[in-house]
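Record features, source TrEMBL:
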| type | residues | note |
| --- | --- | --- |
| ACT_SITE | D139 | active site, charge relay system |
| ACT_SITE | H202 | active site, charge relay system |
| ACT_SITE | S529 | active site, charge relay system |
| DOMAIN | 33-110 | domain 'Inhibitor I9' |
| DOMAIN | 132-580 | domain 'Peptidase S8/S53' |
| DOMAIN | 636-736 | domain 'Subtilisin-like protease fibronectin type-III' |
| REGION | 754-778 | region 'Disordered' |
| SIGNAL | 1-25 | signal peptide |
Amino acid sequence: MAKTGLMTWLLYSTLFAALLLNSHAANANERKVHIVYMGDRPKGDFSAKATHHSMLTSVLGRSSSAQESLVYSYGNFNAFAAKLTEEEVQKFSEMDGVVRVIPNHILKLHTTRSWDFLGLSQTNVGAQLQGDVVIGLLDTGIWPEHESFNDQGLGAPPSKWKGTCQGANFTCNNKIIGGRYYNSENWYYEGDLKSPRDSEGHGTHTSSTAAGDRVPGASYYGLANGTARGGVPGARIAMYKVCWSFGCGAADILAAFDDAIADGVDIISVSLGSVFPVPYDVDPIAIGAFHAMKYGILTSSSAGNSGPWPYSVSNYAPWTLTVAASTIDRKFVAKAVLGNGKAFTGLSINSFELYGKTYPLIWGGDAANYSAGASQDLSKYCITGSMNSYKVEGKIVFCEVLWDGTGVLLANGVGTIMADDEITDFAFNYPLPATQISTSDGEKILDYIKTTENPIATILLGETLTDYMAPYVVSFSSRGPNPITPDILKPDLTAPGVDILAAWSPIAPPSIDWEDPRSVDYNIISGTSMSCPHASGAAAYVKAAHPDWSPAAVKSALMTTATVVDPNKHEDLEFAYGSGQINPTQAIKPGLVYDANETDYISFLCKQGYNTTTVRLITGDNSSVCGNTLNGRAWDLNYPSFSLAVEDGKQIDGVFTRTVTNVGSANSTYTVQMYSPPEFSISVEPEVLSFSTIGEKKSFTVKVGGGFISQQKITSGAIIWTDESEQYRVRSPVVVYNVLPGYTFLPPQTSKFQKKPTTFHGPTTPSMHHKNGFLGRN
C-alpha cells in the first residue's frame, strides 16, 4: 500500500506539474530562445540593453513584449538572447548587421567538456612519458581514497622522486606519490585535519582537474554527467597542504616550494595569491617560483578573482605562468515557474528536485524578523538572521539580492528566487532549491506576488545549456595591467575556470553554505583556482613530450600557440586573456620558443631597481650581483609577449629585443607578419629567420611607434612567425596603453595600488582577504 501510495503521489505530482506548465510549454513550442549575434560592440557611447530592447520592439511590435521576450543582453559584445517565433527569427536573420541567429540547443554535456573544449580529447591524452611527470600542488590537501586518484595501470613512481607521505591517516599510492602539510602558526579550527587530507574540497578539485584518472559516470547530482578526468591522467600528483580554514601562510608556502623542489616535481600548481600587489622581494610565491625555475620547474599560478577591476591581477612575476579564467560552451540554469504559468530562467547549479510541486511564494520584505532587530529593508534581501521563520516556513521566498540561501534555509523555507544583475556569467550551487534571475524578471515576480491573492511557485531541477559565445573571460577573473612591472603583460593566457566539475572531498560542504551537511564525490565550482590546474595539466602535457625543455620554453609554447580569443567580447583585450586560450595539443609543437634562464631574470630584476641585496633575497643565491646595471625598461627580457606602457602625453616609442630557439624542423625559414591598429605601427628586423639545426637561436628587434597619446586605453596588435610549410605559427600579442606620469618604472618598494576592490564570489571561488601575512585561495 505504501508503494502504491508513493506511486500515486508521484503520478499526481507529475500530472499537476504538467498542468501547471501546460501554458508555458505551449508558449515554449511557439517561442524558443535564440541568440541574435551582431559581432563587434559599437564604438563610443553604446547602451546594449536599450539597443537590444529597441530591436526587439521593432520586430515584436510592443515594448512590453520585447521586455518579456528578452532573456540576456550581453554587454561586452553586441548580442542578446530572446524568446522568438520562427517568423521573428527570420526577420532578425534578414536585418543588416546581424551576423547569425543561433538556436539555444539544450544538450547533455559530459564532465570531460573542459578538456574536450580545449581539443584534448580522451583519445589524445599525450605522450607515454606522462608517468614520469609529477605535478605538485600547493593547496588545501587531497582526499587520497577518491576514485579519481586510483593508481590502476601505473607503475612505481619515477626514480627521481624523493618525496614522502606525512600523517598517520594519509596513505599514498602510485598516483598520489607525495603528501605533506604545513601550519607554521599551529592554528587548527573545527574541521581542520592535521594531515595532507582535504577537508575543504578545493585541493581535491584542483588535483583531479590537472591529473585525475578517468572515472565514468561522474556528476553533481546528475548534472554534467560523464567521464571525469584530468588533462594528464597518467601523471603523478604530490600535494603540499599550505591552506587551512584561516588561509595560507607565507612561511608555509615557501616551505612547500622548498620541499617540492627537493622532492623532484616537474610542475608546481598554485591556486592562491595575495589580494593586493606586493613587490617581488616580499612575495612568497614569486620567491618560491624563482627557486623552482632555477631547478627547471615551471610554476603555474592563478590570476585571482578580483576582476573585472584593472590592475587586480595576482602572481605577476615574469618567471611564473599567470592564468585567467574563461568559460566553456555550457552553462547551468534553473527555471522558476509561477502559478500563472510564466517561467523565468536563472543561473543556478540546482541539484534539488521539487517534482513540479508548487509552494506558497512570498516576498522577503514581508517576512522580517522584527524580534531580531531586522526590518523590511533588510529582510527583502533575505540576509541570514533577518527572516521570520513563522512566515517563511514551507514557502519559496523571493529575494532582491544574490545571497547564499542560508537566510531562507535557516528560517525553514523551501527555496529561494533571487534577483540580481551583478553576476551574469557563472552559477553557484546552493543548499536548497534556488535560482538567480535578472532584476527585470524579479520585478515581474514581485508584481505577481503583490497582485495575486495566493501566489505559488516552483523551482525546476537544473539544466545544462550550450553557451555559443564561449570562450570569454569571466567577470571575476582578475585583470591587468601588471601592477608592478608595466612592461610585462599579465595575465599570460586563459583557461577554463567556470562551472568546472571535478573531484571533491566527501567531508567538505558541496554548496556555498559552509554548513551544508550533504556529501558528494564531485562538485561544480568556478574560479581562477579552476583555470590554473587546467594550465598546469597543459604544462605537464608539454613537459611529458619535451622533458628537457626549460620552464620558460614550456611557458612560451603554451603562450605562442594559444587560441586567439575574440577581442570584440572584451573591452580590456589582452588585460583579460593574455595571449589567448590554452591549446595543449598545439603547444607540443610550437616551432620556436622564447627561452630564458636565471641570468635573464636577474638582469631583469636589476633593471627594475633591485640592488644586489634584494636580488639575493629573491634568488636565494649570494652570488647574484647587479653590479653597475642601470635602471630601465623591461623591453629586453626574452618574453613571449610585448607590453608598452606610455606615460600620458608621451609618444608611442618602444624597442624590444628578442631571441627565439628553433624546436621545430631542422632546416626551416620563418617569415614575420605584423598586425597593428591605427594608433601605432610595428616593424620587425630582420623579417626572415633561417635555421639549419634544432636548438639554433636567432635574434630580432621589434619597434613599436606612433603619435603622442593621453588617456588611451589598451590597444593591441600582434607579430606572427610562420615557417614556409605553414606547419608552425608562433604568435605574440603587442599591447600599448597609457599610464600616469612616473608609472612606467616603479621602484621595488612601491606598488601602483596598495589596495584594490574585491567582489563576493562565494566560497566556491574563494577570494579571501589578506590578513596577518596570510594569502587567500583564488
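Cβ atoms here come from the backbone N, Cα and C positions, even for glycine.
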### Query
Whose Cβ, among the active-site residues D139, S529, has more other Cβ atoms within 10 Å than any of the rest?
S529
### Message
What whole-number Å value do you get for the CA-CA distance of S529 (active site, charge relay system) and H202 (active site, charge relay system)?
### Response
8
### Query
Could you state the CA-to-CA distance between D139 (active site, charge relay system) and H202 (active site, charge relay system) to the nearest Å?
7
